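The next block holds one structure in the form of structure tokens; read it before the comments.
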Amino acid sequence: MGIDDYLSKIRALTLNHKRVSTITLSETYFNRDEVYGKLMNYYDEVFLLQTCNRVEVYVYGDDDSVAEDMYKVKGTINHVDKLVGMNAVRHIFRVAAGLESAAVGESEILGQVEDAFNDARKRGALGGLLGFTIERAIRTGKEIRSRFPEISIGLASIGSLVAEYVHRVRGLNSRIAVIGAGSIGSDIVRRLAEKGFRNVIIVNRTLDKAKAAALRYGFNYAPIDSLRSVIRDSDVVIFATSATNPLLRRRDAEELSGKPIIIDVGVPRNVDPEIPGVVSIDELKNIENEIREGKRKALDEASRLIELRLIEYRRLFARRVIEGMIGELTKWGLSIGESEVKRAVKAGLIKNEEDGAALAVKSTVKKIMLPLLTYLKELAEEDKFDEALIIISGIKAKLNGDGKQS
């Protein structure tokens, strides 16, 4: 039995956004208690991951037929992808990294995998080789987030593009005025806060809306009739209202002497088109293209890193398997020592099993076995799993055959 035989016991059944609608996914959601209650009777380990984009069951066992039955009951088995061994492992690594999400690179999935992992452990459903696999997937997901933060940058939000533009041209310490607290204005305010801007004032015709948005992020707010003074005191002014008439006319802009940067993303335009130098959505599209290209490169690099971590995982997985077998050998060695101690006690050679000589026997057994156990671990790490397995199998054969201790 080689390493691939142990890996083949890792099985995944995944129903996700690539195959079905979110409505079908929601109709397939399982009761967690029922899933674990049933599957833990058939498999060594079980892991259930359910989000708005996926319903996935992972098991460690010889087949996945019992898990399949749960999807059959829901009527979605024909849309389920079945993954075995390293294909299943690769999938959960990519899921945890956000590379299999509907919005590729989104950050919520990593926390969802971690929550599901903790839930499964509390239930006693993880703790062996599958648990080790999920744990490594989470670790890799965190590494991907840390090394490639750009994969989480959104592309479609006007607010994110505005925040990125302002950050590039004026920096985080600039004084910013956001004119409008509707859907676009609110998105801009949120993105500015997420980016780290702190000196922001929100101006809106309905003061209560400006106040609510400002209080949410610790910003300032002002009524629309103070617009001109707010503009004069700002480094960047962002117009994002649905006003039908321009809020800033050319004669007003002439008084500003070009001091603030004017950004107009209002629909229709909030700024007189005759005012030169106004930044519009067209200029912001250039940033969007840059972000998209940067994100594509980051995703490619993240995928390559995952493949490297999978190579490392396979080596560590082999070591885990060997360590489990080593545990059995250790118990065998200690049992021999304990048997000899009991014989010595019975013969009156030592007082009891806690006698100094008895403890010395146990310590000696551990020391004698240590070089062998260390060697076996090293073989597993050096991708010589089969060689380590032959040695262990040979020892077991001797124990169960002519070399068995009496």
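Even glycines carry a Cβ here, placed using N, Cα and C.
According to Swiss-Prot, the substrate binding site annotation covers Thr51, Cys52, Asn53, Arg54, Ser101, Glu106, Ser107, Glu108, Gln112. What Swiss-Prot lists as active site, nucleophile is Cys52. For His91, the entry in Swiss-Prot reads site 'Important for activity'. Per Swiss-Prot, the feature NADP(+) binding site maps to Gly180, Ala181, Gly182, Ser183, Ile184, Gly185; the stated evidence is sequence analysis.
Using CA atoms as reference points, the recorded positions His91, Gln112, Gly180 were checked against Cys52 (active site, nucleophile), and the closest is Gln112. Cβ neighbours within 10 Å of Thr51 (substrate binding site), excluding its own Cβ and spanning all shown chains: 20. Cα of Ser101 (substrate binding site) to Cα of His91 (site 'Important for activity'): a distance of 11 Å. Rounded to the nearest whole angstrom, the C-alpha distance between Gly180 (NADP(+) binding site) and Ser107 (substrate binding site) is 29. Secondary structure from DSSP puts Thr51 (substrate binding site) in a beta strand. In the structure shown, across all protein chains, Ala181 is the one of the recorded positions Cys52, Ala181, Ile184 with the greatest number of other Cβ atoms within 10 Å. If you take the C-beta of Gly185 (NADP(+) binding site) and look for same-chain residues 6 or more apart in sequence within under 8 angstroms, you find Val178, Ile179, Ile202, Asn204, Ala213, Ala240, Thr241. A Cβ within 8 Å of the Cβ centre of Gly180, Ala181, Gly182, Ser183, Ile184, Gly185, the residues given for NADP(+), is found for these other residues of the same chain: Ser186, Asp187, Ile188, Asn204, Ala240, Thr241, Ser242. When the recorded positions Thr51, His91, Ser107, Gln112 are ranked by how far their Cα is from the Cα of Ile184 (NADP(+) binding site), Ser107 comes first. With respect to their backbone Cα atoms, Asn53 (substrate binding site) and His91 (site 'Important for activity') stand 14 Å from each other. Here the binding-site residues are Ser101, Ser107; the one with the fewest Cβ atoms within 10 Å of its Cβ is Ser107. In this structure, the binding-site residues Asn53, Ser183 were compared by how many other Cβ atoms lie within 10 Å of their Cβ, and the smallest count belongs to Ser183.
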